[in-house]
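A.B. asks: Handing you this structure, nothing more for now.
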Amino acid sequence: MPAYFQRPENALKRANEFLEVGKKQPALDVLYDVMKSKKHRTWQKIHEPIMLKYLELCVDLRKSHLAKEGLYQYKNICQQVNIKSLEDVVRAYLKMAEEKTEAAKEESQQMVLDIEDLDNIQTPESVLLSAVSGEDTQDRTDRLLLTPWVKFLWESYRQCLDLLRNNSRVERLYHDIAQQAFKFCLQYTRKAEFRKLCDNLRMHLSQIQRHHNQSTAINLNNPESQSMHLETRLVQLDSAISMELWQEAFKAVEDIHGLFSLSKKPPKPQLMANYYNKVSTVFWKSGNALFHASTLHRLYHLSREMRKNLTQDEMQRMSTRVLLATLSIPITPERTDIARLLDMDGIIVEKQRRLATLLGLQAPPTRIGLINDMVRFNVLQYVVPEVKDLYNWLEVEFNPLKLCERVTKVLNWVREQPEKEPELQQYVPQLQNNTILRLLQQVSQIYQSIEFSRLTSLVPFVDAFQLERAIVDAARHCDLQVRIDHTSRTLSFGSDLNYATREDAPIGPHLQSMPSEQIRNQLTAMSSVLAKALEVIKPAHILQEKEEQHQLAVTAYLKNSRKEHQRILARRQTIEERKERLESLNIQREKEELEQREAELQKVRKAEEERLRQEAKEREKERILQEHEQIKKKTVRERLEQIKKTELGAKAFKDIDIEDLEELDPDFIMAKQVEQLEKEKKELQERLKNQEKKIDYFERAKRLEEIPLIKSAYEEQRIKDMDLWEQQEEERITTMQLEREKALEHKNRMSRMLEDRDLFVMRLKAARQSVYEEKLKQFEERLAEERHNRLEERKRQRKEERRITYYREKEEEEQRRAEEQMLKEREERERAERAKREEELREYQERVKKLEEVERKKRQRELEIEERERRREEERRLGDSSLSRKDSRWGDRDSEGTWRKGPEADSEWRRGPPEKEWRRGEGRDEDRSHRRDEERPRRLGDDEDREPSLRPDDDRVPRRGMDDDRGPRRGPEEDRFSRRGADDDRPSWRNTDDDRPPRRIADEDRGNWRHADDDRPPRRGLDEDRGSWRTADEDRGPRRGMDDDRGPRRGGADDERSSWRNADDDRGPRRGLDDDRGPRRGMDDDRGPRRGMDDDRGPRRGMDDDRGPRRGLDDDRGPWRNADDDRIPRRGAEDDRGPWRNMDDDRLSRRADDDRFPRRGDDSRPGPWRPLVKPGGWREKEKAREESWGPPRESRPSEEREWDREKERDRDNQDREENDKDPERERDRERDVDREDRFRRPRDEGGWRRGPAEESSSWRDSSRRDDRDRDDRRRERDDRRDLRERRDLRDDRDRRGPPLRSEREEVSSWRRADDRKDDRVEERDPPRRVPPPALSRDRERDRDREREGEKEKASWRAEKDRESLRRTKNETDEDGWTTVRR
């Protein structure tokens, strides 16, 4: 489109300018550009006149293809906005085309075009004919004027129908245009176009059924759509009948029946009557009198059933037509000789079945059936009297001599009714033929021969030639046994005695059989006569003998019938089995082949899909990149154009082209803009300064001149206001005086009624006083009764409330006393336990000192012996001292930097037994517990001295960790002990929950499991003496951590570990009290918080942490859980038991002022068995922070702890029975259990969860426990816990640095590989002892925390009310951890 036609209004104006000068083609081009433009795809009001003008030009120029394009574009524009505009435009277009065609028709004398097909106007024959015959002026005028316009109008109809098809919004317009097209075909007798139009409509209907999922699709189940389609098809049927296109009419009938079948509801009776009427015409025109009569039967029954206002005349007319149509059905069967020879029975039957379907019949009708229906439904009684006897004469009575005379009277009456009954005239020829046939059938039964003249006299309504033809047809098709003798002019009947009639021969009135039929049935008659004679001839005893013989035969049959039957069944079963076997084999083979083919096809398909997917991804990626580049360039260009359009941009970039600007730096563009802006700003300020001086003088002068004028105007306005006020005041006074006079008049007039009013009021009060007093009395009585009832109800309620309050206070008092008593008992018990622990701790430390001294001396002696043995061995092997090696094996190991065993042989006193006794405990000699002091210098660097005792000579590959030389895990086939099992005879105190590392020097009083002189380094990862969490069939490879490179743990049903370890935890269990390993994954461990509901551990961060955070509720777990421990797991939403804590232990951050006694698994406490860790480290901070993530917890009553201890004692008894075989290990276990019982704190019951009833017992199981009270108490405890956690939670991670490492931490077993070499010298020093904690201070702090907890319990409701005013704030640190601040 040209640049100066950006708006549609301008285009329309330009087109009108072209039309004024007579240029239609340029005007059409202008409007065409507007309709094709993509910038005007939104409908506007101006579009409709543009489209009308565009179509007008298309009609004038006969540009049907341009009109089609324009209509399609306009449909896309206004379909979603204004569909009415599209209808108006289409109707206007067709109206203009019709007007042009009518004008051309008036100018032409040719009313009906001789051209057969408008799409192919000039055929070769027409060209040759015009060249030979010549063409006059009128013919040329008709060809040049009328023919193009008729073709244009036809194309317009066809284009509009294609445009509007399958669109529910313009469905009415579509059917209107279709009906107009039918009228066009009928008006101009366009048979070829009519056929094309019918095919197009049929194709559109099929498309509607296929594309029913579109948004604008037509729903054929809609009654309105069905009625419109049926209406159009009926118009099509009428037009086809009018144009005598019976093939198209029959197709229209099929289309109408198809629409009937689509409809769920039956069509209207009027529509069905019209349909039957049209179908009957089609059948009669096609020569099918049988279905024509059947259609009239259907129409007759429909009219009788549905029409309530059916008159007697209409009934007679319909019944007469039905009778004549039924009797007009040819008696001659439709099957001809050619059909019999070609065996076309199937085709005929199929054709009749289709025709019956169009009428809704189950089976094709027959002439006899229709006659019987006519008699059964009593149609004859409504027939006019003149025709009523025709049925009896033709079908019932046998009177050949008077038959034609009677029928002639009826036919003459029918011929006399052309005006009243025009449709009856068509039945006369068929009735004459049937009458002749009936006459011949009846005459053949009476006469053997008859003269032709005599027969002609019996049939007066036909001549001799027609009669002879009828006789010949009857002999050919109706099995009439007749011969014509032309010499004697006679007819002979039944002369051929060998003739046999066909089965489909017509049947009529019967008098006697023909001679040939009598001869053919002679044997049958003879048989019946002989049977009667035998009954007379044969006596009774012969019949009795026959009966006896019959019984004997029956008996013999019954005797052998079962056996014979079984034999037949067995043979049949054998045959069936063989068939089934062969079929199964064939099916199996075909199935295998099919599966093989499907597998190959699947592979090919997958490969092809993968290739296509990759190609699609690459193409999509390239397309996205190109689009991004184009969008980027377009955005930059538009931005630069916008900048240049502004005054500032035009000045700044007037000397620079847009192409150059695209390559410039954005900073340069911005600098240019800023520079130009500053420049204009300075110029503006200078202009404002110059104007300021001028404006000041001018304003001063104006105001001096205004002063006198303003004063004079003020005086004038004041005078006008005063006059106006005086005038309004006078009017107000006058009005008030008039109103007072009128009020006095009203008063005088109304005062005369005062006495009457008082009298009326007095009478009314006297009449209603008694009624008022009665109602007042009733009200007072009801009031007193209601007041008494309410007082009684209130008294009862107060009494009930006092009773409920008394029992509730009594119950609370009992509960409080019970809790106080339990608290006192717990304090006393804990105080006694602490005193006992202090005493045992002192004894333990003294014993440790002695053991350390013994171990040091023994280790020194062993070193001297080992040194001498090593030198002697070297001298014997080498024979000279030139091969100078390191002075001691310590140097070798230091240079190697690993714990692995070298290839040299071990000393005999160091070599363990050949069997794997070290797995069962026998391999640990008594002095291992005394070697710990000497082992310390070699802990990291020289581990090969204990290798023979640790593992046998097996073929396992070494571990891949930095210091773990154990072989990979093996299955149950090797002789190692399985990780899990009831027959595991390892020390039973190492259970699934115990993830502590091996005991070090200070706590090694456990017998032969870890002796003081055990020179093995600390076990890494999941070493051989861990608890039973590994099953016997587990064959996983080694761990992959810092010192343990085995794979992650495998969850599942066979993993019997305690529930504090989830299935996705890939770390090995902690190995004991002094486990000081760091996080599992090193410095980059950025995993989120643990998954336990009440996890109070810190995150797994930092390589210098004294131990990695625990997983779940295992930070204070019991130290000697066995594999068969039946306690419920303390992890997951179903776990109702919290960790073992005190009643007031809120499990927040473990700060330096924590007065609780050190627990097992807690590395933060000082002691000889724990590294000294600075309190308030990252674990305490993380525990305080993560405490806000889990649900609140309450302490567990002492009864729960006693229950758990009883279960533990039961497990101890089981373990003792298992360990009777190993008394050394039993002593070791008893010492360890004794120590752990001393230092283990009692666990608390989480108040927010409860365990199963069969495994938990507490004071709540009393008679007062019910669901509601328990829920209330649980909610109260949850609220108190939540308030306490939010109040005590302090995120002090930002204020504190990383945890300081003490001397005990420097030798922790989880140290990185690059730190071990530097720390080996430090590890050789003996461990330093740390004094026990101050127990008195612990007791004081414990009591303070309990008192504080009691205060918090009392004030939890006030805190809860204030809690709604607080807001939460989530803070995220640099490590990704989120802290909830309240």
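Any Cβ shown, glycine's included, is placed from N, Cα and C.
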A.B. asks: Pick from 82-120, 316-354, 511-549: which range does Swiss-Prot record as coiled coil?
C.D. replies: 82-120
A.B. asks: Say a student had to find the phosphoserine annotation in Swiss-Prot: which of Ser884, Ser895, Ser1256 would be the correct pick?
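C.D. replies: Going through Ser884, Ser895, Ser1256 one by one, Swiss-Prot flags Ser895 as phosphoserine.
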A.B. asks: Where Swiss-Prot marks phosphoserine, which residue is it, choosing among Ser929, Ser1164, Ser1195, Ser1364?
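C.D. replies: Matching Ser929, Ser1164, Ser1195, Ser1364 against Swiss-Prot annotations yields Ser1364.
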A.B. asks: Based on what Swiss-Prot says, identify which of Ser225, Ser263, Ser492, Ser1058 is the phosphoserine one.
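C.D. replies: According to Swiss-Prot, the phosphoserine annotation belongs to Ser492.
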A.B. asks: According to Swiss-Prot, which residue among Ser1198, Ser1263 is annotated as phosphoserine?
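C.D. replies: Out of Ser1198, Ser1263, Swiss-Prot attaches the phosphoserine annotation to Ser1198.
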A.B. asks: Within 10 Å of each Cβ, count the other Cβ atoms and name the one among the modified residues Ser492, Ser584 with the highest count.
C.D. replies: Ser492
A.B. asks: Give me the long-range Cβ neighbours of Lys68 (N6-acetyllysine): same chain, 6+ apart, Cβ under 8 Å, in sequence order.
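C.D. replies: Gln159, Leu163 - these are the non-local Cβ neighbours of Lys68 (N6-acetyllysine), listed in sequence order.
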A.B. asks: If one measures from the C-alpha of Ser584 (phosphoserine) to the C-alpha of Ser492 (phosphoserine), what distance in angstrom results, rounded to a whole number?
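C.D. replies: With distance taken Cα to Cα, Ser492 (phosphoserine) is 71 Å from Ser584 (phosphoserine).
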A.B. asks: In DSSP terms, helix, strand or coil for Ser584 (phosphoserine)?
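C.D. replies: Where Ser584 (phosphoserine) sits, the three-state DSSP reduction gives helix.
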A.B. asks: Which state, by DSSP, holds Lys68 (N6-acetyllysine): helix, strand or coil?
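C.D. replies: Once the DSSP labels are grouped into three classes, Lys68 (N6-acetyllysine) ends up as helix.
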